[in-house]
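Worksheet: the structure to be examined is printed underneath.
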Amino acid sequence: MSHDVAITKAVLVLIKCFGQLYGILPLASKTFTFEQCRPVLWYSRTIALLLMVIYPCAYTVLLTDHEFPILALSYYLVMLQFTLNYIIVGVLYLHVLFDPTPLLHVLNELIERTRALLRHIYPPAGESPVGRRLFFKTVAIDLLQSFTWYGTFIWLQRKFGATYMLAFWLNSIAVMQIVAALNILLATLLWGAFLYRLINERVRTVIGNLLQLDDADRQVRDSATGRERRFICNHIYLQLTILRTHHSALTKCIQNIVEFYNMPLALIMLYQFLIIISEIFYAYTSIVQDIKNDVDVPLGTYMSSILFALFEAIQFYYIVSASSEITEEAEKTGVLLNEFLPTDPNPRVERCIESFAIELLHEDFKINNCGMYDVDYTLMFSMIATITSYLIMLVQFQLAEI
């Protein structure tokens, strides 16, 4: 367990540092609490202003110097990709830099929920895979894979000179800024799922106590006063009341964080959708064009496009997976409460269970984006089907023009 805690702390610090480096987390941290810091805020604003001025110049160099296929559609898709990337970064900066107080409140609220829950449920049962999962994602995907497609592209396009390389490096920074924002949201969702899991483990423990009480009910009833039964039932009632409070507060906290990132997340998912389509379309049509012109197909030249599309697809999968996981853990509490049905608690405990279950039934735990769609595996399957349909249509219409 100590290794899990150390890994979790290290990867959360790494995510925080990347957020501060890119200017999308304009907060300082002290004793596991975020606080406003004027130097950090002005550093973030300076970085934001500098990059928002430089990015258009970099995009202009890339669009001017890069050798696109003869299809005009490939050029327009890449231009749209750069434009959307620029808009997302601008929205992120406006969202967190104009007034960082909402971000400060939602992050500190999650930290306070964690402290309160761990005070009640300590030590946590089992292991926490949050740190290991975030560490694998940060190292294997964000760093190694990004360096793979970045290095492949730079090596194959080195003939364009230093200006082109610098422009592509700036474009890569814009991409990693989006990844850093996604990592903050991803860490929040995975940590929320872990906290729900702790609540569910304690609910199971309470259920076990109640079942044991029910098995020993005859012996307790035969006692003079049934004092032991009343004591256990009062303890179970207090436990359930505390767990109900933690569950409700955690749900509200997660909803506040998701609501804060609503607009950036919607734009990022649109960007990922566009990236996957444009990069696959660019690579496929370029290869077909080379074959038709009887030119040796330089597969390495197009490998960076495929790797970039895969990189964005994995980012999308992680958000969908974390959103589905936190929804499943939050809804599991209601399923566990149904295991109280075979027992015969006293009326006070029974009313507490009923009110807790009814409250969970009326709560929507799904991660919803701007009221338009739920972020879950259904969205992922729909996105795969839509991307496939768009690619088929684009390829059919454009191959005739090559």
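Glycine too: its Cβ is placed from the backbone N, Cα and C atoms.
Remember, TrEMBL labels are computer predictions, not curated facts.
What TrEMBL says about this one:
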- 6-28: transmembrane segment (TRANSMEM)
- 40-62: transmembrane segment (TRANSMEM)
- 74-98: transmembrane segment (TRANSMEM)
- 168-196: transmembrane segment (TRANSMEM)
- 265-287: transmembrane segment (TRANSMEM)
- 299-320: transmembrane segment (TRANSMEM)
- 377-399: transmembrane segment (TRANSMEM)
Contact call for the transmembrane segment (377-399) against the transmembrane segment (40-62), three or more Cβ pairs under 8 Å: no
Any contact, the transmembrane segment (74-98) to the transmembrane segment (265-287), with at least 3 Cβ pairs under 8 A: yes
Cβ-Cβ under 8 Å with the transmembrane segment (299-320): same-chain residues at least 6 beyond its ends: 137, 141, 145-146, 148-150, 152-153, 156, 179, 182, 185-186, 189, 265, 269, 271-272, 275-276, 279-280, 282-283, 286-287, 375-377, 379-380, 383
